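One structure is given here, and the rest of the page talks about it.
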Amino acid sequence: LQNMKMVPVPEKAYGTFFEGDCYIILHTKRTSRGSAVDLHYWIGKDSSQDEQGAAALYVTQLDNALRGNPVQHREVQGHESETFQSYFRNGIIYKKGGVASGFKHVETNIYNIKRLLHVKGKKHVSATEVALSWDSFNKGDVFLLDLGKVLIQWNGPSCSIAEKSRGLVLARSIRDSERGGRAQIGIIDNEKDSPDLMQIMKMVLGERRGELRDAIPDTKADELQKANVRLYHVYEKDKDLVVQEIATRPLTQDLLQHEDCYILDQGGFKIYVWRGKASSLEEKKAAFTRAVGFIQAKGYPSSTNVEVINDGAESAMFKQLFQRWTEKDETQGLGKVYTTGKIAKVEQVKFDTTQLHARPELAAEQRMVDDASGEIEVWRIEDLQMQPVNPKTYGQFYGGDCYLVLYTYLRSGRPHYILYMWQGRHASVDEITACALNAIELDKKYGDEAVQVRVTMGKEPTHFLAIFKGKLIIYEGGTSRAQKSTPEPAIRLFQVRGTDEMNTKATEVPARASSLNSNDVFLLTTSQVCYLWCGKGCSGDEREMAKMVADIVSKRDKHTILEGQEPAEFWEALGGKAPYASEKRFQEQVTHYQPRLFECSNQTGRFIMTEVVDFCQEDLDEDDVMLLDTWEEIFLWVGKASNTYERNEAIASAKEYLKTHPAGRDLATPIILVKQGYEPLNFTGWFNAWDPYKW
């Protein structure tokens, strides 16, 4: 903003901001549903109140011109949102002064420069101009001494590899964009090894007296704080602004009424303003003012992030704060919905597994690593040790046990491993712990290359179903050990769901009439007979799969009965008739979830996650533990050089993430541990253009 007017910034200067100015950033991105538009206004720490007001006003006008589609953000220097930081991959540079005091974005005589930049951040880098003095330095950050023709990068002794490499990216970007490539870069990684460069630094900064300051810890909101979401209704009453709290987590979408405006406070970390379609123009205009007023009233820092959102054009980040979010006229990506009589089924569209290698994004969407034709080995945890399971009974899992399933498949001629840890609902804590410890030992045996997947009973992932070829049977309790403590029940009821060998599973349910469901096939086994009960909504494929399962669970005669034509003995075995679910089953319509990538850090004893928006393979650093959330599963990616503490805490971090997620997530979501260099297709498919040879 120059003299209260919007003046375009030359593209060469993108990412450089004067501390005395305000800026407006418009970002458009193509998506599967059209395009996503974001509007940001950025406030420099030395900008005037008038400029800040003007910037907010321009954003509102731009929003109107773009018909209310953009998501609007208020950004304060040094506290920018992760979305904003994702636009400037090479880092953000803050310059002293402003346009008003005669500074230009792109200087022509670019060599008579003398400045010191303090570079901070690992995933999101920013560089601030600081005083040319040794007092500005500390042991934990990177500093760039910019002398025009020479750039010296000084790395603090306690910097991480990622911080050093991000610092270098920034130095190169200054050389290439501001100096036309004509500048030398020197690096001081250890002062003793670089006497010549140290000599130049001393000429500019003088001799260093005394010790360097210790590293300054980053102050960041932890996940516990971000999980504390509250929704407020904002309205005017007799010229006064009323802010009324209406709900805390988990929030549901129906709380937002189209006639009103709301403020959603995410633990003071970020403030969202949602503007209903039918709310008045006055209300819409006042969105930012209200948010800033709310921040002051709450005593939050003035640098708190604000995002203004329009009804129907919500950002992914906003939707993820709700328990579930349904878009109008959207059914899930897979499957066509068609109706037969009273009962609607979601038909699973067959997908061709041979395409997985050519299209890793399909592997990710379908959550399939391969076509499930690899080798299986199964062990049961017994007396805290691994006991091999008889291959004849592969696929039968008992709720009182824990199992390890090793799946081996070939990719480009070499073996890859997936290790599933299946935890029974009634297994003891000791067994669950032993299962995890044995998994680590088994993984070591295979050179630490296995992908480890934690599977909670009843939450088996797609690929797990596929490897048992339709013969996956889950018994509620008991054990598959030789000496059983309790006799098996005489009457058992199993619900069978699935249409082919790749997606079928039978689950034991209480043997009562109320367990039935018109959408499925059920097997009722008694000491005399095995009934195949076919609900009105089941398909021929489902009946065929159930017959296959029936041969495993019972050696008795099979009787097929249709819903509504049951013999009296059938109801007797179930303890009498009772009402049961006969409504058509609609597929849960959850918004097509955008995967999110986070860097996890647990070193300070607080659990902190930094989101990387618009991520790519480059964002996986060797010394990181990263978390990829695809909603249906959580991946933990472990870098080769990550520290042992963070590696050991990874699973705990993932559980903590699910626990503190504002949307009230299912704690049984599968957690998948992936090692750098051994990424399976269902992981790499979430990244655009994955390079298997990068490392």
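Just so you know, the numbers here start at 1 and follow the chain as drawn.
Glycine residues also receive a Cβ, built from the backbone N, Cα and C atoms like all the rest.
Copied over from TrEMBL, here are the features:
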{"type": "DOMAIN", "residues": "4-84", "note": "domain 'Gelsolin-like'"}
{"type": "DOMAIN", "residues": "125-197", "note": "domain 'Gelsolin-like'"}
{"type": "DOMAIN", "residues": "247-319", "note": "domain 'Gelsolin-like'"}
{"type": "DOMAIN", "residues": "386-465", "note": "domain 'Gelsolin-like'"}
{"type": "DOMAIN", "residues": "504-571", "note": "domain 'Gelsolin-like'"}
{"type": "DOMAIN", "residues": "607-683", "note": "domain 'Gelsolin-like'"}
Tally of DSSP helical, extended and coil residues in the domain 'Gelsolin-like' (504-571): 21 helix, 23 strand, 24 coil
Best-contacting stretch, by C-beta pairs under 8 Å, relative to the domain 'Gelsolin-like' (4-84) and drawn from 125-197, 247-319, 607-683: 247-319
Candidate ranges 125-197, 386-465, 607-683 - greatest C-beta contact count to the domain 'Gelsolin-like' (247-319) (under 8 angstroms): 607-683
Residues in the domain 'Gelsolin-like' (386-465) grouped by DSSP into helix, strand and remaining coil: 24 helix, 32 strand, 24 coil
Per-state residue totals over the domain 'Gelsolin-like' (607-683) - DSSP helix, strand, coil: 23 helix, 20 strand, 34 coil
